[in-house]
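First up is the structure itself, then whatever we jot down about it.
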């Protein structure tokens with residue numbers, strides 16, 4: 001007759017009363033010799049009955065803290081201030097804390113200074129100076145572009161970094177901090193740094209102005225960007241053609257074409273236009289498929305003495321395609337040479353995009369072959385459009401063919417594009433095609449993202465490809481990526497699916513050693529598999545390890561909430 005033990009976190013154990021005899025579960029609930037997880041209210045400390053009850057345990061809180069520092073490898077724990085006024089005292093042993101600096105990236109070490117809640121600018125700058133890193137402009141960019149520093153901390157760090165030897169005090173250095181502040185919408189600090197830049201005698205360039213304007217426009221503060229353009233003289237610049245083109249480009253890129261057109265009409269006659277100005281406006285109307293506005297702008301361009309170039313025609317073709325006028329786009333392409341312009345890669349890409357939108361892949365291949373036969377070569381945009389379209393329509397063979405041609409041509413896709421190729425392949429069918437993309441990309445030296453590895457591991461785990469799963473996991477770690485909770489869960493789940501329970505237990509133990517406790521679903525699945533295989537002893541030992549790991553997590557969460565740092 002079977003009976004059920006009570007449910008513990010993440011576990012549900014069922015045994016036969018006649019076959020297995022396990023220790024009483026009260027021993028499981030007292031794995032730790034002590035626990036200070038639950039806080040004790042201050043009112044209980046002054047209660048004499050509280051001390052009579054707890055003195056019987058004969059435990060000193062200082063000893064508890066010392067034991068916890070050994071268990072959790074605390075970088076700092078002050079054992080001189082007891083939480084409770086016990087009379088007993090124990091000798092406090094010296095703790096050799098593990099040096100965690102070797103596991104941190106340089107930018108993480110610098111950002112970590114601001115987590116210490118130091119008081120005063122001098123204290124923070126001294127702490128930054130004591131960090132053993134080789135400071136460079138690239139490292140400064142990594143510190144401010146990533147992480148979760150506030151605006152004041154970012155400015156403080158930059159002001160310290162700009163004083164260090166080897167760091168140029170030029171427009172590019174200021175551009176890095178201005179762009180980072182603008183992306184996080186720290187506009188007051190961004191303008192402050194811009195004024196400091198001018199005070200330091202560094203003149204902003206168009207790149208810096210573009211970062212400021214684009215930050216405002218992306219946050220839908222178009223009026224701020226327009227005010228910035230009008231007040232450029234405060235920063236040593238003048239509202240001329242080049243700065244106007246920068247503002248128009250930012251507006252059209254963020255689909256604020258109406259505001260761009262109002263500005264275009266307002267400054268007409270005051271600021272001289274060039275062919276870039278007209279092309280920017282044509283590109284803006286093209287994104288919206290406004291054919292009449294595109295034609296009006298092109299006529300004004302010709303009337304002003306400028307000849308449309310390949311950029312102009314590519315915008316016209318794309319705009320006609322978005323408006324559903326594919327035949328008109330084809331007509332423009334067929335007569336483009338008559339207008340003194342030889343179609344380049346951008347024009348062919350526009351035609352390919354139009355036929356992708358109608359899912360006419362025969363015409364896509366036709367213009368792709370025509371591009372190969374011309375004097376121009378396909379670029380990354382060409383291959384990305386074709387591969388993404390083929391994968392979306394589940395034309396895997398065509399996608400693999402184009403992908404291989406891209407690599408043979410020496411065009412290496414960026415990490416984000418490669419991940420976008422692997423993602424749809426991991427959503428349908430077996431993982432064979434996704435692994436082909438991965439292997440070819442790795443062969444040609446492409447950088448594989450951690451997200452791409454996770455997608456592949458998850459797919460291999462689902463299909464029970466344990467050999468490929470473990471090989472991929474090794475290659476992931478060889479490429480410099482570290483395993484996290486998701487990675488361990490995918491590997492354990494995949495090994496469980498094919499019955500490799502011993503290897504799954506080893507991976508689970510490695511995850512626990514590295515501080516990761518997989519989800520209750522994965523733990524329960526492995527435990528149930530072990531029980532089904534009559535390996536009760538191993539299931540019980542693994543259960544205790546997982547229970548200890550969860551207690552450690554709860555304990556660390558408690559101490560962090562009370563101001564202790566690990």
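In case you wondered, yes, glycine gets a Cβ from its N, Cα and C as well.
Bear in mind that TrEMBL entries carry predicted annotations, made automatically and left uncurated.
Now, the feature entries from TrEMBL:
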type	residues	note
REPEAT	170-204	repeat 'PPR'
REPEAT	205-239	repeat 'PPR'
REPEAT	274-308	repeat 'PPR'
REPEAT	309-343	repeat 'PPR'
REPEAT	344-378	repeat 'PPR'
REPEAT	379-413	repeat 'PPR'
REPEAT	484-518	repeat 'PPR'
Under DSSP, the repeat 'PPR' (484-518) has how many residues in helix, strand and coil?
-> 26 helix, 0 strand, 9 coil
Tell me the residue counts in helix, strand and coil for the repeat 'PPR' (274-308), as DSSP assigns them.
-> 27 helix, 0 strand, 8 coil
In the repeat 'PPR' (170-204), how many residues does DSSP put in helix, strand and coil?
-> 26 helix, 0 strand, 9 coil
Pull the DSSP breakdown for the repeat 'PPR' (344-378) and write it out as helix, strand, coil residue counts.
-> 26 helix, 0 strand, 9 coil
